[in-house]
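In what follows, a structure is listed as structure tokens, so that the remarks can point back to it.
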Amino acid sequence: MDQIVIRGGQRLKGRIPISGAKNAALTLLPCALLTDEPLTLRNLPRLADVDGFGHLLNQLGCSTTIEGSRPEDFGRVMTARTTTLTSTVAPYDIVRKMRASILVLGPLLARAGEATVSLPGGCAIGNRPIDLHLKALEAFGAEIELASGYVKAVAPGGRLAGGKFTFPVVSVGATENAVMAAVLAKGTCVLENAAREPEIVDLCNCLVAMGAHIDGIGTETLTIEGVDRLHGATYRVMADRIEAGSYACAAVITEGDVELVGAKAGEMEATLAALREAGATVEGTKSGIRVAMSGRAQPVTLSTAPYPGFATDMQAQFMAMATLGTGASLFTETIFENRYMHVPELARMGCDIQVKGRTAVVRGVDHLVGAPVMATDLRASMSLIIAGLAAQGQTEVNRVYHLDRGYERLEEKLQAVGADIERISAG
Ligand code: EPZ
């Protein structure tokens, strides 16, 4: 397994290109199942999960071809076409490796009137149930059966009728599955307390470009009037607001000055507000967002929440940034039940973090000391990179396959702004 080695102490200075958003790409790709015409996605990030999703689409009968990048994009162009579905089954051996595979459930149900998808199971940050996905689809008329670790969904008569569902808690994935199921329903589907993340807006905008009728995009109430068919489209994946926020934290902890090229301030207001609370200079530029810092980060008090609140996907990275700050910072993780796996690893580098249930108190220390550490999940891995960039001495991050799921060309991007970082391939 590869390892990333960092020798800390370099201030990050320069421009960091922000790739297409992983969590947008993973909900845009299954849209190719909804039509027999080609869907061309631009600015796709080069990530393990995107490649994995492409393989899953291939298994369902969707052909995918990767072209080069457009000059204005960092990501690649992929054209996906499902002339006819050859399967409506997403098998366990794929779904267990990539939870986002569950996002083929809605599109398969919409296109073929049936879908058999393995239950994804839990992961490092929580047990990740999918009950809300299933309840929303049932509200639209689907018949759902759970057997031998699989979900079998059927639309009576081959097509969902329509209906109304109010989410008891906000769920990004359940909203995405429900919207993708609804676009080809016979009637109208209404979702209340729907997720409002920018990635959902990206999904809805892509579906509208394919001919879907969706009202309330960007709000918590989505009204989808089903149509008989969708056509192909070309759509550009939004910039990754979590990648951008992650590099912003790296700039702050190293007292650097970076421009996040391609980042959109309007999609990450809570992150930018938290960076300003920590004392960073944050300003829009003509091609992105500049983040600069001198001195140590001020204490922050942050509680994760659904968008537009502070993103749970930014919690670990901000915590790493706070470890060298002044005073005590307070984090509350309200979305996932086990999202502090980075804490014991950060402690190995000399951080002072006390976790009690969903809350963590981070007391700034004078310095961090590089150490061998273990990545446990995607965002936890990034918190270790961020701490390593500022630690005295060498940090070796192991199990970097977690990182490769969500951060494209990480070491190249950081080397380009002055970090002393390299990947050691273990063969
Ligand atoms: C998406 O996961 C993201 N993944 C996650 O990013 C992100 O952390 C999460 O949304 C929250 O923003 C992708 O987009 C591929 P949820 P998702 O359904 O859809 C509970 C990363 O690091 N819940 O919004 O799985 C659930 O347990 C990843 O990029 C149910 O109870 O998240 C959690 O407590 C990690 N029943 C809460 O809702 C359900 O049916 C929010 O989960 C579904 C969810």
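Yeah, the Cβs are placed from backbone N, Cα and C, and that goes for glycine too.
Curation plays no part in TrEMBL annotations; they are all automatic predictions.
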Listed in TrEMBL for the UDP-N-acetyl-alpha-D-glucosamine site shared with Arg128, Pro129, Ile130, Asp131, Leu132, Asp313, Ile335, one of Arg96, Arg99, Arg159, Arg363: Arg99
Least Cβ-crowded entry, counting other Cβ within 10 Å, from the binding-site residues listed as Asp131, Asp313: Asp131
Length of the line joining the Cα atoms of Arg128 (UDP-N-acetyl-alpha-D-glucosamine binding site) and Asn23 (phosphoenolpyruvate binding site), in Å: 16
C-beta crowding around Leu132 (UDP-N-acetyl-alpha-D-glucosamine binding site), within 10 angstroms: 19
Average pLDDT across the domain 'Enolpyruvate transferase' (7-414), rounded to a whole number: 96
